[in-house]
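Engineer: Mind having a look at this structure? Questions to follow.
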Ligand SMILES: NC(=O)c1ccc[n+]([C@@H]2O[C@H](COP(=O)([O-])OP(=O)(O)OC[C@H]3O[C@@H](n4cnc5c(N)ncnc54)[C@H](O)[C@@H]3O)[C@@H](O)[C@H]2O)c1
């Protein structure tokens, strides 16, 4: 039975919701195109056994704001397949899903990576529709732009940190940095900040934090990353002047920049009151809860919001979209430079807007994104105006 209501539609969208189902194979999927006022709907494709239509709808809306916040000309969209990505039938379901959406892919939606889908899956989509333009995030071997391997998100986080420091009148060179989480994002951020002349004084994993007030040797840390989370124990034992702290203690260390790049909700109001960094750059999604953000704002700590600071993947995906039909490989350095440049500018835009309005950067970034989408809707004669003219 189809629910007979349009309650999921609001002033922004979604413009189009397509559910696909194949009774015989059990394949079920959904595509949500949220808002295309600023450009074609773009967002990753998720595969999960408990995927819901409303989850995909929410994620499509987040993409509408994300593209507008980074000021790139795409709209919001997202797709999902309800299936276990660990199942041996994964490829079959993926093929059936894109085949069922052949009217929309790639003219209205291009498959991208999200939870449950990797580079090879993008290549499968291209193969199924015999169209290189049907997916982004595919391997280099099929002409793709493997931007996850390049550490674009961490690279962009470092660029945002440098811009925020400059905005406060400081400089990245010589500044002290603490990085929480030494995974894909934390490692790439530490590497880039080190290259920019910052002093990484602490890093952490789920197993603890290692602190050295005179700075850690980042290339040696990266080489030791093979130890996984136990890296902090090795460094604390082997490096003179380094000491081990319990996980979480790094958030309160004396530093110029704090980069939470591990998990969500690691900063609450109480911890935020003890943060000594001047600048917090949110590498992780939602690392600080709403109360923590209020406290940081009241204390004058500059926060670069997650969807500005960690948007490196989004910027790189835009490159990959452009490169879909090109036979010339995209240069890694070109993408990294574009990511850093774009995120630095966005950081300054958001911090300026926040200062002008006297509001926290998160609120300013959200408003900026909404204003941009609304302006595009107005300029293209969408609702309201057309209605009035008729
Ligand atoms: N990978 C990306 O491109 C990307 C893009 C945007 C946002 N993010 C967000 O960034 C965050 C990190 O992603 P990732 O891909 O680097 O993950 P990852 O799994 O590669 O690394 C996570 C790191 O955090 C550490 N960690 C976990 N719990 C911790 C704790 N309590 N204290 C300290 N360290 C802890 C882990 O030990 C590990 O080093 C996530 O919030 C993710 O959603 C990632």
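Any Cβ shown, glycine's included, is placed from N, Cα and C.
Sequence annotations record features per position, and here TrEMBL assigns active site, proton donor to 78. Positions annotated as substrate binding site by TrEMBL: 42, 66. Positions annotated as NAD(+) binding site by TrEMBL: 153. The site 'Important for catalysis' annotation in TrEMBL covers 114.
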Engineer: Looking at the recorded positions listed here (42, 66, 114), whose Cα lies nearest to that of residue 78 (active site, proton donor)?
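Structural biologist: Nearest listed residue in space: 42.
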Engineer: Of the binding-site residues 42, 66, 153, which one sits closest to residue 114 (site 'Important for catalysis') when you measure Cα to Cα?
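Structural biologist: Closest by Cα distance to residue 114 (site 'Important for catalysis') among the binding-site residues 42, 66, 153: 42.
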Engineer: Highest Cβ count within 10 Å among the recorded positions 66, 78: which residue is it?
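Structural biologist: Checking each of 66, 78, the winner is 78.
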Engineer: About how far apart, in whole Å, are the alpha carbons (Cα) of residue 153 (NAD(+) binding site) and residue 66 (substrate binding site)?
Structural biologist: 14
Engineer: Taking ligand 1 as the reference and 6 angstroms as the Cβ limit (strictly under), which recorded positions among 42, 66, 78, 114, 153 are close?
Structural biologist: 153
Engineer: Quick one: give me the count of other CB atoms within 10 A of the CB of residue 42 (substrate binding site).
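Structural biologist: Taking all protein chains shown, residue 42 (substrate binding site) has 27 Cβ neighbours within 10 Å.
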Engineer: Three states by DSSP: which one describes residue 66 (substrate binding site)?
Structural biologist: helix
